[in-house]
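Have a look at the structure below before the remarks.
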């Protein structure tokens, strides 16, 4: 069960984006597992991908095709399957990803490099390529602008709920919208991207700014969540600006409209990233870890991840046990050079539990227990040595995490 | 339940070492929780300690006292309590550790700096110092040479079994022995040391060589195990050479007897370290991760730890699921620069599951499942880019890990 409100919102349709889906039986029968996005001609698109060395075949191919679009035709279609990651599949895996693009290109009359493929699911098995190819025409047959929820559902793996975020905004009197979906519940410690996320707007934005907007917002959203510390082979995050709602294109980042778009995208990305944490495998709590007073954001992140990925802290959070000694252990093991532990302070919610290297004098176990009983908990650290700060989002570690990951595949 | 044979062995008594223990009610009543080692005058001793910045008060004090012993009297007593780590306890914690040493020094007529204190248990609470001090005389009252098993039991926390290793060996016709104990089951990713381990020999070894022997053997034993990736605040490993069994002191590392002692100590340290993994919290399997073909031992270790600490792999091991895609994910996320994934090979036991970046052609799920059903499993990786190799030991991740760590303290 996901933590907090993860209800699927009203999704504003994005002019220039159509979505189709089908049941291709990639892994399980009778479920929507193939999704196609059609992008209007002239759309600008940017992507960030996993840093895992065993990047999946579709990641390799999508990066190649995106690179080509700098000098040739822009991408016109995204094709996404769940149930099989097409990762660690060698040359056959790459051929299968190429076949997928070629088939979709043939049916739609575009070039193969105008297709970006994405896969998610089990690693190390070959795609059932014939079934996948057979699912493409049915998906094209139901392309329409209103299918964002079907798309969000069609890319799920161990997710318990589809994940979406959508906003309307105004630039110079024109109303635009921005809408996106994400998926992911395990193998989540994105490194430059997340499992899968697709966000689109009908605002007109120059290609270089689309890239800049994506990189800026990913850094504070998908690159700040962790469920199990495991970086997926398939992480991909795509941002599309179709420009189909009209208006003059935003060409420079000092255009005042750029800041408006940045704010909207930041909110949507953060929401989509947090939805992944709220639906983390077996999650019963949503945890915000904020580290302040660092010399650099890097050391703030190092401490935050050390806390957010400690199995001992995550199980204590599951048990609602204010066992804060485990938090100082995790601060101490983060490898911060010359940390003066006597200056470190720790808060659980509003309750200061640690100062001067030991328990705060006014701390009571009752006060700590009260915060730990909440479903949403903020752990705040002040390192007492600088002005940098950063925040990471995570969830707890429950019996169900073990159950889900011991049972998955079976 | 611990994995494999963890039976407590015959413990050879070490001439020059006496051990006493008592029930001091540090945390729980009616259990042995205070242990004192008495070392014969002239014993040489070396220690390695946690790198955690929140090092416990007894760690801080033991390091100070050991440093003093270079110019003054050598340590004569170790005092160890379980139930409370005396970590993140600020100045009061340090005062309590000092009081403990002072009281023991007074009762035995030695200097306070000749006492090394150790604590293990819950972090962030103050020691019940009066009860602890009251337990010292009773422990001194039963000092004797045969109490190694009582000591191993008296330092346990979530351990399910006492851990010991002991060997006799001969140097120039004189029979010596080496005997040691360790404890630890969670918060185990030692960094220069382990939770707690004490090893003694009655062989005569110069002080500088005692240090060298400890550092050399810790590196390939305690510094190669992980249960949850969490480095304790209290890790300490002590090696004592009493010299009480006679013979000329070993002064140089090119003395042929040095190699004999090194071999014995290596075996004892590796056994004590592996016993901790076999008794890892909730462990049902003992896992050896060997990485070969690396450019450096560092990158072999990086890959080995990435596998050994992945929650997804550990839960798959618990489920006996040969979900080897998770293994390549963990290799890929280890951050090895310019890894050519097409040269990576992976074996599960004797079964090659991955080569050329994908599934090995002769791999069958049945063969993988057979290996995964074993209680002791070796995962072997060949990175295909060099001659370095290294090995890390770990265990799986079960429901009981969550249960133990959600319930601990309560």
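Note: Cβ is positioned from N, Cα and C throughout, glycine not excepted.
Any TrEMBL annotation is an automated prediction that lacks curation.
Per TrEMBL, these features apply:
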type	residues	note
BINDING	B:157, B:183, B:194, B:281, B:405, B:410	substrate binding site
ACT_SITE	B:194	active site, nucleophile
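Each of the binding-site residues B:157, B:405 was scored by the number of other CB atoms within 10 Å of its CB, and the largest score is that of B:405. Checking the binding-site residues B:157, B:281, B:405 against chain A with a Cβ-Cβ cut-off under 8 Å leaves B:405. Listed in sequence order, the residues of the same chain lying 6 or more apart from residue B:281 (substrate binding site) and placing their CB within less than 8 Å of its CB are B:158, B:185, B:186, B:227, B:228, B:400, B:401, B:404, B:405. All chains included, 27 other C-beta atoms sit within 10 angstroms of the C-beta of residue B:183 (substrate binding site).
Mapped onto three states, the DSSP output places residue B:157 (substrate binding site) in coil.
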